[in-house]
Amino acid sequence: MAAGTRRGLLLLGTHSFVVQSLHVVFAALFMEYYVHGFLLIVDTRKGKTTSFTDIPEWRLRISKLGLCVLVAAQLVYMVGSILDGAGVVVFSSVVARMCRLTPRQRLASNEHRFALVFGLSWWVLRLPLVPSAVSFTLATAVFGVLSDRCTAFAQNLAREMTAQRPKEERLVQLASRAASGGAAVVALVAALLYDGSSPKRKPLRGFHWCLLLLCGAAVCAFSGLQRWRCSSYGEEAPSAAREECSLSSRSIFGFGDATMMEFQGFVRQTWQRRSMKALLVVRALHCYAHAAVVAFFHLLLTLGCAPRLSAAARAILLAFVLAAPSFLAPMHIASAGTVGKKRLVLVMLLGVCALGLVSLVAAFFTRGAVGVAVSPALAEDTTAASSDAGIWLCAILLTLLRLLLDSVRDVLELAQEDVVEEDAILFGRATPMASWTRRLCALVTAPMESLSRIATVFLLAFTNAFEGVVLAPPTITGNSTITQTASAVQSAAAALALERVSLSSAFPAAVATANVASTVLALLSLHTCGVALMMLVVWHRYYNLEGKHLLFVQMATRKRKDEQCVALV
């Protein structure tokens, strides 16, 4: 292997590892961090009465005011992203003018901004004069934009290396998989330090130090990589590699007037095809289902499986679902070449529907098993074993649902390549419009992420997923003792609020939490199954890139590439 190839692979692997590490930690834990810290409140309710004295019971619930502010902020962002992406109201032009007025030496690169936004997002939620829901919405929006740009740059760099050295394609893929595996390990460590179900008697010092370390290490790594690229390839290489990246994601710098008009003309022209309509609708629905499973995966594991599943096991499952897609990618490519991309997507969507129904049945039986297992009167060995099996089954089904939705996303990316080639052939384009197609897909998927967050939080709120008896003081007849006990409980209630699932199995909180979590899993399964059924119908009915039509597109694409090679020679 040449020295230049080794240097390029090291640059690609390191850049991908840092970007993916920040992305997976943010995507896996930021929503749960916001829900636990800023949406949940401790509610005092009257319990049973003993000796003419009311015993207070401490319960968790989602704040109605916080929920309303979150919904309003997400709806405003959703409408704004649609208007900005369509060019009706270009909000990003203000940012573009500010960036043009700033000297280039003082303008941070995308990677540095990405790392700084990652580090600041966890602390801006505590700004005193800004509602946490607004800070959460802005943080997720800016982080999503910068994450898309950095990820697109890494993908473009990998494609350029593969095009220049076709024999090194396997090494490029190995570097990308190694980066994904390393990022999964980072997410495992972060999840262990966070441990959402552990008692919050102490602040999350270890987790916050981990975030600070990740942010600082990312800034240093990006600075070193940027200098290495400049010294190895010159000043023009990084900017040339970013040229397509600036159009492939939700750019914060916006389009120029002429470019926006060209993009709108491209949209009106390419929208006429059935395959493009099917792709956009299916990608929007998939983003709606996938965003909920990604953002709430660890939270749902905590709610439904914490009585029997340890924090280490939950962190390992999280790391597994994060690393698996990159290692399953070769199997997706081979399967698509064997059965066809359309049929493969149909089979996967059928699997999602079937898995949703199985999850619904498993949630029903798990609810009964947990309720019996934690009952002091019927705590037998066989019942406890069935309870453990039911909880593990729920964890496995949730994991399989996440993996299937990830696989559907990857195969849709493969099908999108055929849609781009069909567009280039039918409309006689000199080059495939891959970047503008990705931007068009982002235009329909970005609002669905906000809609998915709203729907899932509403699901958790209206099913009372977090409600359960947290702490009930002992029955004491002395009023002074009860007052002192209640005040002590009140001071510790917020710290002990999330400890309910780690209490002994005979405590009523474990019963309430496990039962309601099973209900949430059932409703989420129905929700995912319904969306998958709609995707299945649209994809089967309208996507027409198969058979002779697909063969025609492939032959025309091969002919065009041969003509371009002859022209270059």
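The backbone N, Cα and C atoms fix where each Cβ goes, and this holds for glycine too.
In TrEMBL, annotation is done automatically, which means it is predicted and not curated.
Here is what TrEMBL records for this protein:
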type: TRANSMEM; residues: 20-42; note: transmembrane segment
type: TRANSMEM; residues: 174-194; note: transmembrane segment
type: TRANSMEM; residues: 206-225; note: transmembrane segment
type: TRANSMEM; residues: 278-300; note: transmembrane segment
type: TRANSMEM; residues: 312-333; note: transmembrane segment
type: TRANSMEM; residues: 345-365; note: transmembrane segment
type: TRANSMEM; residues: 385-405; note: transmembrane segment
type: TRANSMEM; residues: 516-539; note: transmembrane segment
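Between the transmembrane segment (174-194) and the transmembrane segment (345-365) there are fewer than 3 Cβ pairs closer than 8 Å, counting only residues 6 or more apart in sequence, so the two stretches are not in contact. Of the Cβ pairs linking the transmembrane segment (345-365) with the transmembrane segment (312-333) and spaced 6 or more residues apart, fewer than 3 are under 8 Å, so the two regions do not touch. A Cβ distance under 8 Å defines the sequence-distant neighbours of the transmembrane segment (20-42), meaning residues of its chain 6+ beyond its ends; these are 58-63, 66-67, 70, 114-115, 118, 121-122, 125, 132-133, 136, 139-140, 143, 147, 151, 179-180, 182-184, 186-187, 190-191, 194, 196, 211, 214, 218, 294-299, 302, 318, 322, 453, 457, 460, 466, 470, 493-494, 497-498.
Within the chain, the transmembrane segment (312-333) has long-range Cβ neighbours (under 8 A, six or more residues past its boundaries) at 24, 28, 173, 176-177, 180-181, 183-185, 187-188, 191-192, 297-298, 301-302, 305-306, 344, 395, 399, 402-403, 406-407, 409-411, 414.
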